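J.: Provided herewith is a single structure, encoded as structure tokens, for subsequent inquiry.
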């Protein structure tokens with residue numbers, strides 16, 4: 001009912017309970033690393049090369065940049081010691097990350113590999129500057145640390161799974177979902193409170209795709225209902241993460257996975273939805289995986305999985321748990337939402353009453369301290385329970401293998417201690433959600449000092465809804481760049497994925513993240529003074545065209561010679577509403593001038609201020625490592641089918657390994 005044994009072996013039943021989950025989390029984390037490294041590698045020339053917008057060689061020369069100093073978190077700082085140009089080293093870091101991720105996907109799931117993957121991606125993150133400051137980059141690094149302590153120290157299937165590290169993944173999932181929901185309400189954004197934010201969100205999110213247009217056309221009541229269900233999943237539903245009952249945890253996992261799937265179908269959020277769904281996989285145990293898969297991958301020859309005599313009874317019990325959980329979640333709606341009606345006497349009697357409902361922000365805010373206390377206690381109990389189970393299995397493992405099990409057993413102890421320490425650190429960002437400060441008064445003085453932002457972070461996507469016009473209309477701010485040779489006739493530049501031409505269909509690009517297009521969305525919410533990379537882009541447009549510039553744009557109206565003048569305007573965009581219309585977007589209003597008319601002479605000072613003038617290119621390759629970096633770039637156009645092929649081959653390879661072998665199954669009978 002709580003943790004059913006997958007086999008009849010009296011010693012190994014607890015060992016096998018989460019081997020399939022460990023397999024899923026480690027391979028899934030490796031797949032995410034593969035996607036992230038590849039996505040960054042294909043954009044390095046556009047963003048960080050000498051012809052890019054934020055050259056990494058300039059960044060590493062700045063003495064005041066602490067992020068540029070050498071450390072185990074930033075291998076890029078060792079480019080002088082290695083005798084490599086920063087651009088070449090950054091290429092090699094991404095290529096090494098791709099190679100190690102593939103090795104982990106194919107079975108090399110050991111802690112040293114995940115430590116190297118974390119160090120490599122942390123190095124990219126440290127020098128990524130503006131284009132790497134996204135929450136999914138931080139989340140990938142945070143789960144990457146957890147994966148280090150989830151993985152065994154040595155290859156093989158002998159070591160018991162690290163149960164406390166699975167609790168670590170669950171805590172990250174709770175923090176991510178809970179904070180994402182609470183910050184929306186604490187921001188007092190009227191669209192989140194009135195359950196009307198999705199009427200704007202699909203059109204105003206950073207990078208919509210074609211299905212976003214269809215979601216935007218849904219009726220208002222259905223949009224409100226979908227948003228209410230989202231809050232139910234993210235607030236009451238998130239507390240099912242720490243329940244000891246398998247059926248309730250299964251409900252928690254599948255509702256979070258379903259929510260991420262719906263978000264993926266309505267917007268481009270790169271690998272973020274896949275990462276969150278993978279975290280939800282930590283709620284499932286081996287009973288949720290095929291018996292043959294568990295048997296062939298994780299059981300020993302003398303411990304073949306067999307049907308448990310009480311499996312049918314437990315199946316009914318789990319089904320009952322799921323039904324109770326779903327009923328309780330929807331019953332929580334009476335607590336989350338306030339209801340009422342208004343009477344308009346100017347209308348006929350049968351139309352006078354208008355029912356309204358909204359999020360009860362005041363009541364939820366007052367309940368945050370109690371929610372946090374419940375979460376802290378549940379996480380602590382879960383950690384102690386799984387920690388004791390892990391210690392017990394390690395003791396059994398030591399008795400069976402003695403000296404050969406000493407190093408893996410010590411690694412288990414380190415994993416338990418590291419998980420406990422990080423769980424304390426995770427309390428710090430959660431405590432910041434307490435507006436009443438009742439919990440902060442009870443927190444010991446030493447606890448905030450434990451918080452290390454590079455290991456543990458807070459989250460909160462879409463705190464306030466953007467793109468809401470003064471008349472509550474959709475008013476997505478979008479930068480439109482135009483060039484001219486005479487100052488009279490202006491022609492527009494078009495980017496690959498951000499909205500521009502109204503007839504251009506929004507593209508599905510996830511799990512890839514086009515970082516320039518994403519950052520253009522943030523730039524439209526601010527001004528060019530706080531986005532020096534945007535001014536550098538304007539300089540590139542006013543200079544003779546280069547191959548790097550051609551990679552950034554879908555359409556360059558001046559492919560042969562640059563324009564003399566450039567300007568940027570801020571327009572309001574909205575989705576069209578007519579399915580038969582050829583256009584996907586409509587420009588509703590000219591908002592303001594974003595960048596006044598400028599020429600190259602007006603932007604010369606920008607190059608001097610940020611040391612972007614005459615940046616030398618890497619020297620001709622002369623070492624094997626340099627030849628690898630240059631040679632791989634020549635085949636970049638084949639990288640998409642190559643990465644897809646690696647993912648398919650890795651999946652098929654693991655499925656082949658999951659088939660029962662003759663020595664373990666029917667061949668012995």
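Each Cβ is built from the backbone N, Cα and C atoms, and glycine gets one as well.
According to TrEMBL, the protein has these features:
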| type | residues | note |
| --- | --- | --- |
| DOMAIN | 133-289 | domain 'Lipase maturation factor 1/2 N-terminal' |
| DOMAIN | 455-595 | domain 'Lipase maturation factor 1/2 C-terminal' |
| TRANSMEM | 24-44 | transmembrane segment |
| TRANSMEM | 88-117 | transmembrane segment |
| TRANSMEM | 138-156 | transmembrane segment |
| TRANSMEM | 162-183 | transmembrane segment |
| TRANSMEM | 225-245 | transmembrane segment |
| TRANSMEM | 251-272 | transmembrane segment |
| TRANSMEM | 319-341 | transmembrane segment |
| TRANSMEM | 371-388 | transmembrane segment |
| TRANSMEM | 409-431 | transmembrane segment |
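Map the listed features onto the structure and describe their local environment.
T.: Only residues 6 or more beyond the boundaries of the transmembrane segment (24-44), in the same chain, are considered here, and those with a CB under 8 A from a CB of the stretch are 52, 87, 90-91, 94-95, 97-98, 100-102, 104-105, 109, 114, 117, 120-121, 124, 128, 131-132, 137, 140, 143-144, 147, 150-151, 166, 169, 270-271, 274-275, 278, 281-282, 284, 289, 511-516, 636, 639, 643, 646-647, 650, 654.
Among residues of the same chain six or more beyond the transmembrane segment (88-117), those with a C-beta under 8 A of the stretch's C-beta atoms are 23, 26-27, 29-31, 33-34, 36-38, 40-41, 44, 48, 56, 75-76, 78-79, 82, 123-124, 127, 144, 147-149, 151-155, 411, 618, 621, 625-626, 628-630, 632-633, 646-647, 650, 653-654, 657.
Same-chain residues lying 6+ beyond the ends of the transmembrane segment (138-156) with a Cβ under 8 Å from its Cβ atoms: 22, 25-26, 29, 32-33, 36, 107-115, 117-118, 121-122, 125, 162, 165-166, 168-169, 172, 176, 271-272, 275, 278-279, 407-408, 411, 414-415, 418-419, 422, 454-457, 459.
Taking Cβ pairs closer than 8 Å, the transmembrane segment (225-245) reaches residues 1-2, 170, 173-174, 177-178, 180-182, 195-198, 218, 251-252, 255-256, 259, 283, 321, 325, 328-330, 332-333, 335-337, 357, 359, 364, 371, 374-375, 378-379, 381-382, 385 in its own chain, all 6 or more past its ends.
Long-range neighbours of the transmembrane segment (251-272) within the same chain, counting only residues 6 or more positions beyond its ends whose Cβ lies under 8 Å from a Cβ of the stretch, are 32, 35-36, 39, 135-136, 139-140, 173, 177, 202, 205-209, 211-212, 215, 230, 233-234, 237-238, 240-241, 243, 279-281, 283-284, 321-322, 325-326, 329, 497, 508-513.
With a threshold of 8 Å between CB atoms, the same-chain residues lying at least 6 positions outside the transmembrane segment (371-388) that come near it are 163-164, 166-167, 170-171, 174, 178, 239, 242-244, 416, 419-420, 423, 427, 430-431, 433-434, 439.
Same-chain residues lying 6+ beyond the ends of the transmembrane segment (409-431) with a Cβ under 8 Å from its Cβ atoms: 111, 145-146, 149-150, 152-153, 159-160, 162, 164-165, 167-168, 171-172, 175, 178-179, 372, 375-376, 379-380, 383, 387, 390-391, 394, 397-398, 439-440, 443, 447-448, 450-452, 455-458.
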J.: Determine which residues of the chain contact the transmembrane segment (162-183) at the Cβ level, with the cut-off under 8 Å and only residues 6 or more beyond its ends counted.
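T.: Here the qualifying positions are 18, 21-22, 25, 139, 142-143, 146-147, 149-152, 231, 234-235, 238, 241-242, 256, 276, 279-280, 282-283, 364, 368, 371, 375, 379, 382-383, 386-387, 389-390, 393, 412, 415-416, 419-420, 422-423, 426, 429-430, 433, 458-461, 463.
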J.: So if I exclude everything within five residues of the ends of the transmembrane segment (319-341), which remaining residues of that chain have a CB under 8 angstroms from its CBs? That is, six or more out.
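T.: For the transmembrane segment (319-341), the sequence-distant neighbours (Cβ-Cβ under 8 Å, at least 6 residues beyond its ends) are 228, 231-233, 235-237, 240, 245-248, 250-252, 255, 353-360, 363-364.
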J.: On the DSSP side of things, how many residues of the domain 'Lipase maturation factor 1/2 C-terminal' (455-595) fall into helix, strand and coil, could you say?
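T.: With helix first, then strand, then coil, the domain 'Lipase maturation factor 1/2 C-terminal' (455-595) has 30 helix, 40 strand, 71 coil.
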J.: Would you mind giving the whole-number mean pLDDT across the domain 'Lipase maturation factor 1/2 C-terminal' (455-595)?
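T.: That stretch averages a pLDDT of 93.
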